[in-house]
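A.B. asks: Pasting a structure here, questions to come.
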């Protein structure tokens with residue numbers, strides 16, 4: 001049987017040939033200019049930043065970039081232990097940033113319910129994994145979300161899905177906190193929203209100051225959570241309990 005073009009067998013595994021480092025990459029698709037004044041927190045309204053088709057097209061280029069990184073580190077990408085590493089790393093990075101393929105409208109579809117509940121709703125200790133956009137290393141932690149409904153509630157699991165969409169991107173913790181709060185506010189129009197994130201940043205643990213036990217805490221308070229100290233204190237007390 002004739003092998004597909006662009007595929008070779010190495011150590012019994014079939015893999016695509018990587019472009020050589022330094023080779024000119026294929027022409028990039030032009031992207032429409034972003035609207036002036038658009039803020040990161042407004043991204044929940046936008047369409048997908050990346051499609052599955054783009055993943056497939058860009059995977060060889062991403063793998064070639066990892067191969068070039070290995071060479072630049074003085075390694076041999078062709079040795080047995082690293083032979084498939086560029087492809088594994090490229091696939092992993094696409095997964096770590098899969099939030100670019102999802103939109104809030106996909107998640108919230110049919111999950112907003114009319115409900116005459118006017119007491120605080122809290123989901124806390126939501127595990128979160130993200131990638132620091134400054135060093136491309138992980139930061140991990142937990143997210144606590146509370147909101148005061150205004151005639152509508154959101155399926156509880158959808159709060160965790162919102163966290164997943166925004167955390168699976170290149171991020172800074174401050175922006176991530178705000179994006180989650182703004183998305184919930186825009187979707188539900190509640191009386192208020194509070195979001196607190198506690199995270200450990202590998203860029204502080206593995207490099208730089210190398211502080212193993214440091215945690216970064218960020219918060220965004222909107223509506224009555226910002227305006228009313230008693231509401232804010234109730235939320236902060238409940239997430240600590």
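Glycine too: its Cβ is placed from the backbone N, Cα and C atoms.
Straight from Swiss-Prot, here's the annotation block:
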BINDING   132, 135, 203  Zn(2+) binding site
MOD_RES   51  phosphoserine
MOD_RES   72  phosphoserine
REGION    1-56  region 'Disordered'
SITE      87  site 'Involved in pterin ring binding'
SITE      96  site 'Involved in pterin ring binding'
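Provide an account of the burial state, proximal residues and distances for the features listed.
C.D. replies: For residue 132 (Zn(2+) binding site), the number of other Cβ atoms no farther than 10 Å from its own Cβ, over all displayed protein chains, is 18. DSSP assigns residue 132 (Zn(2+) binding site) to a strand segment in the three-state reduction.
Mapped onto three states, the DSSP output places residue 51 (phosphoserine) in coil. Counting Cβ atoms from all protein chains shown, residue 51 (phosphoserine) has 12 others lying within 10 Å of its own Cβ.
Taking a C-beta cut-off of under 8 angstroms and a sequence separation of 6 or more, residue 72 (phosphoserine) has no same-chain neighbours.
Residue 87 (site 'Involved in pterin ring binding') falls within a helix when secondary structure is assigned with DSSP.
According to DSSP, residue 96 (site 'Involved in pterin ring binding') is assigned to a helical segment. The local packing around residue 96 (site 'Involved in pterin ring binding'), expressed as other Cβ atoms within 10 Å of its Cβ over all shown chains, amounts to 17.
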A.B. asks: If you skip the near sequence neighbours and keep only those at least six away, which residues in the chain come within under 8 angstroms of residue 135 (Zn(2+) binding site), Cβ to Cβ?
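C.D. replies: Those within reach of residue 135 (Zn(2+) binding site), by Cβ under 8 Å and sequence separation of 6 or more, are 202, 203, 207.
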A.B. asks: Relative to the Cα of residue 96 (site 'Involved in pterin ring binding'), which of the recorded positions 51, 87, 132 has the closest Cα?
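C.D. replies: Nearest by Cα distance to residue 96 (site 'Involved in pterin ring binding'): 132.
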A.B. asks: Can you tell which of 87, 203 has the most other C-beta atoms within 10 Å, given these are the recorded positions?
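C.D. replies: Most Cβ neighbours within 10 Å: 87.
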A.B. asks: From the Cα of residue 132 (Zn(2+) binding site) across to the Cα of residue 51 (phosphoserine), what is the distance in angstrom?
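C.D. replies: Taking the Cα atoms only, residue 51 (phosphoserine) lies 22 Å from residue 132 (Zn(2+) binding site).
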